[in-house]
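Below is one structure, written out as structure tokens, with a few remarks after it.
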């Protein structure tokens, strides 16, 4: 490794008691992984504390279930159809898939160089110019933590509103109340937390079973919509744009609608934070990231085409549905059967029940990694790993508490809750943007002479990194747009303000204490590995 500037050499005093960087004997590390994993952990300056329970197929299944993109594509139509219409929904899903693929490829190469639970903030620490390594990696660590801690209530709430849509489908007189969503969200996250605490070793097996149901469910939905839905000509579906909210331009409305498909596709770093629980991580992780991305993007795109093609002339009725979920109304109109609609909604609810498990795993591991580097308050408590199940249980419990607190906001205002959830997307996209930018700068400075890795983009690396930065910059801008023009204060997108408040708090803590404790992961890396 190079570009360490005036910092002490990573080969000097890497093992410090006050930093808990003592290495276990290599034979002990190998029992938790392969020889390649032991070497990677030694180079990264890490002690193997968690069990390497995942392999290629189980980690692919993990990412496929966490993303649940065809289910997410159903839900995101509530954002896309009013802004852009059927054509805008289709084309922006395609653009979002291609854009996110460039980001995934860029991060896959970084993951092969440094497969660590720290993910983005570790890569920034390793690749940023020396003077920026410490403060920039600290900021990115907080962005990723904020993104994944708010992702957990986002997924649980999405599951909750599918259950509410099911109830509304069964009972036409049902009136949706805010506290219903709050309690259901807490129920989903409690289930996910308990699973992560007491059944985590069964997760790879469960993922395999659920991913089979996930794929069969995809084909069931597509076949039902193709067979029973109206035959809307492709010349209409692919060319009909809409501006229901009055942006004044279908093009601008379509760009605003990119938030919907992008939200269903965000999460390329999900498996990265489980790198220390994956066998042969430097080889398997990047390939698993790309494999799952291709599966997710393909199923999402086919689902969107199938769904919007089944709308026919019923767009206004679909958007005004009493269930709160346009996709449920599309299925009901297509099948003409309440029973069939209920069965398909139950399938989606089942999928989201297990989808809620994975964000807990990812968010707790990311929080644990940042605590391990003393980047957050109470890091001694949060960095502990339970010796019985090799899980950072304290980080899992904090994730539960955070989610419950955020979920209670639904009782007062679902709008306020949605604003908080939008921070998830903003935070994660900002962390992707910064880590890829530092990697691109490193690539240019070193003239392509990057550290050894088992996955390389080769000569395509530079253009793919540039394309990823262009896409993420565009997406970040429109993630900060309100849902409709000329909003009242309650309808504003306050994500930028709230994101800024958290970052200000982070650097307040940095000024008071973290700058004396947080050194950045690069400080502990071994240069001679």
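Just so it is clear, glycine is given a Cβ too, placed from its N, Cα and C backbone atoms.
Annotation comment: TrEMBL describes 1-44 as region 'Disordered'. Marked as compositional bias 'Basic and acidic residues' by TrEMBL: 1-10, 18-44. Here TrEMBL flags 56-79, 85-105, 140-167, 179-198, 205-227, 247-272, 293-313, 333-354, 394-413, 419-441, 462-484, 490-512 as transmembrane segment.
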Tertiary contacts of the transmembrane segment (394-413) (same chain, 6+ residues out, Cβ under 8 Å): 149-150, 152-153, 156-157, 178-179, 181-182, 185-186, 189-190, 193, 196-197, 360, 363-365, 367-368, 371, 381-382, 384, 420, 490
Top Cβ-contact partner of the transmembrane segment (205-227) among 56-79, 333-354, 462-484 (pairs under 8 Å): 56-79
Result, the transmembrane segment (85-105) in contact with the transmembrane segment (333-354) (3+ CB pairs under 8 Å): no
Long-range neighbours of the transmembrane segment (293-313), counting only residues six or more past its ends (CB under 8 A): 60, 63-64, 67, 69-70, 72-74, 77, 81, 86, 89-90, 93-94, 97, 100-101, 104, 215, 218, 221-222, 225-226, 228-230, 232, 234, 237, 261, 264-265, 268, 327, 330-331, 333-334
When counting Cβ pairs under 8 Å to the transmembrane segment (140-167), the leader among 85-105, 179-198, 247-272, 419-441: 419-441
The transmembrane segment (462-484) in contact with the transmembrane segment (179-198), cutoff 8 A, at least 3 CB pairs, sep 6+: no
Dominant neighbour of the transmembrane segment (247-272) in 85-105, 179-198, 490-512, by Cβ pairs under 8 Å: 85-105
Spatial neighbours of the transmembrane segment (179-198) far in sequence, C-beta under 8 Å, 6+ residues away: 152-153, 155-157, 159-161, 163-164, 352-353, 356-357, 359-361, 364, 389, 391, 393, 396-397, 399-400, 403-404, 407-411, 414
